[in-house]
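As given in Swiss-Prot:
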- 17-27: motif ''HIGH' region' (MOTIF)
- CYS148, CYS151, CYS161, CYS164: Zn(2+) binding site (BINDING)
- 359-363: motif ''KMSKS' region' (MOTIF)
- LYS362: ATP binding site (BINDING)
- 614-715: domain 'tRNA-binding' (DOMAIN)
Amino acid sequence: MNSSSSHRNILVTSALPYANGPIHLGHVLEGIQTDIWVRFQKAIGNECYFFCADDTHGTPVMLAARKEGITPEQLIERVGQEHYRDLTSFGIEYDHYDSTHSKANQEISKDIYLKLKSKGHISRRSIEQSYCETDKMFLPDRFIKGTCPNCKSKDQYGDNCEVCGATYSPKDLIDSHCSLCGTSPVVKNSDHIFFKLGDFHKKDEKSTSLETINPSHLKTDFDLQSWIETSGVVSESEGVKKKLKEWFDAGLQDWDISRDGPYFGFEIPDETNKYFYVWLDAPIGYMASSKNFFEKNFPNEPNKFDSFWKNKNSEIVHFIGKDILYFHTLFWPAMLEGSDYRAPSKVHVHGFIGVNGEKMSKSRGTFIKAETFVKYLDPEHLRFYLASKLGPGMDDIDLSFEDFINKVNSDLVGNLINSVSRVSTTILDALDRTLGVVSKEGLALIEEILYQTVKFGPGEDSIQNIIKYAYDQRNYAKVLREITRLGDRVNRYVNDNAPWKLIKENPEKAREVVTVTLNASRFLAIYLYPVVPKISEQIYKLLNLQDSPSFKDLDKNRILENIKVLPYEMISKRVDEKAIKVMLEENKQSEHSKKVETSENPVPEERLEISIDDLSKVELRVGQIVEAGPVDGADKLVNVKVDLGELGIKNVFAGIKVAYQPENLKGLKVVVVANLKPRKMKFGISEAMLLASGEGESLSLFIPHKDAKPGDRLK
């Protein structure tokens, strides 16, 4: 089980933040999870490099720059600096942070494309697209708006309805218009270029006429499904494997890798006004970031890049969110293997982060930017808290601020830091801030921290190996449970020996207790280093140690004795609940100000007046949600069962998932349109409608009085 038994060469990446918005806690979660793993690998002596970059191409970046009156290059330069500042403020330590708009990325993208093309994995065909004659550009689906052809909701996107969850083609949208200028688009044909993903799945192999095939082409020994099932690349998560099996069973489709100009990105070789789709060159940004780093830092090792990207004895490890699983487990490995590179060794998939039991919400102040968090709270505290919640799966994580306060104040400040602070101030001052020697009793405690045998699964192992294994498996919650338990043991030793009494009665005995406590705390700081590096380094600084904490120092032969200890400086304060409240309130006010700015000149809607007779036809009743769950294939919908008293239980598909998680809805009383004609949807029958106000993350369900009963009619 010992993860450090052999030397490893590892290249690690986290997903690239997109360059049209600020860094928020979702980005920070992934950065911290990855950084902890990288720091651990380095701390046990492995060769490990951590790369990332800003994802800079695509229509949204081009339009954001146009809106600001600057060039895309100017926009991504500024945003890239902001992203790097915000991510590194949480102690995320990249070996290199780059931009996908780089010469290296363009060269590698071109190389991969031309190799895929030479091997017959590229095709082209004409497709119909919406085109804005005013803006002189083909419109992506998200830049077309209109009325949903299914439920007739207005102001819906060109590819799916956020109200009913229907998916459709932009040409099916009613009264469609360009979201930039408001004019109706026309349909034009355009040749697009496709990557033949099915070439890398044996199930999808099809016969091809002899006239169109070169026998040396369309041949690949790499089968995606076999790779997924046998390599262990995503083996730890049943949810991941289930989703991949669904995609394989449905068959892998050709992937459109081109976009028509105007477009901010790299032009496709040998094409006119055609650009690589952002998702082609974005993951190649991992390669370009590493290439730029290796060329600068290893000038005498020209094969350093190939030693990772073409050598399967090295490891390539990606950390990603579950929303980009398709790209990283299907397109990306196929592109690499089809162009003479190698597929990743591991793709670690994590869930999303919510705040106080709900999705991050701008209206509630819980859509928290990294910059705002750092303004009010200690980033090390978030690292500790997230680590305490992170396991090897892809479950979503909830940042409950009440739990955050309790866990940080109790387990970190009140336990692990407390053992240091309680012996490092007045007691050590009275001892001329000089350590003594470790007593026999103290040595037993230190050996317990370093070598004790602990049950693990069906067997047992040393505490060091268990912590190392848990780190390597990304089971950070297990790591912190073990370290906190050891911290309890150290504090119990301090309580039992009461050095604040000994300093008056037996100063040399007090010196022994302080020496044991600080040595034990130093070893805990090593264990903790990947999670809270700054706190661990502060403990090292206190002990006058110049090096960074390293797992090689987890050895009783490295006990510190008879050394001078520096004056104590505050290591970390407790979390202030008031700071959290101020932060959330500032977020709310900021969002409110934005809404006021954008609504200074609202377009008046035509109001439709109805008679009292019309209103009487609508039967509004109190309902109580008795069951709620997600809807497969519809990210915006929640399927709820609503108890309407004498009317029984009705099934409803509600477009509320942007603001409410299904697991938080059970038992909630709501207001329901109870006599709505049942509507057949592709997911099932929806028999009623929940009343709500607001849009997007500001959406709020109408909640009746607490004494209202299911079935009560509103009058």
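All residue numbers here begin at 1 and follow the chain in the order shown.
Using N, Cα and C of the backbone, Cβ positions are placed for all residues, glycine too.
Everything Swiss-Prot records as a feature, shown here on the structure.
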| residue | record | CB count, 10 Å |
| --- | --- | --- |
| CYS148 | Zn(2+) binding site | 22 |
| CYS151 | Zn(2+) binding site | 16 |
| CYS161 | Zn(2+) binding site | 23 |
| CYS164 | Zn(2+) binding site | 23 |
| LYS362 | ATP binding site | 18 |
What counts of helix, strand and coil residues does DSSP assign across the domain 'tRNA-binding' (614-715)?
12 helix, 46 strand, 44 coil
Going by DSSP, give the three-state secondary structure for the residue listed as 'ATP binding site'.
coil
Cα-Cα separation of CYS161 (Zn(2+) binding site) and LYS362 (ATP binding site), in Å?
21
Could you break down the residues of the motif ''HIGH' region' (17-27) into DSSP helix, strand and coil, giving a count for each?
3 helix, 2 strand, 6 coil
How far is it from the residue listed as 'ATP binding site' to CYS164 (Zn(2+) binding site), counting Cα to Cα, in Å?
23
In terms of DSSP three-state secondary structure, what is the assignment for CYS164 (Zn(2+) binding site)?
coil
Note the mean pLDDT of the motif ''HIGH' region' (17-27), expressed as a whole number.
95
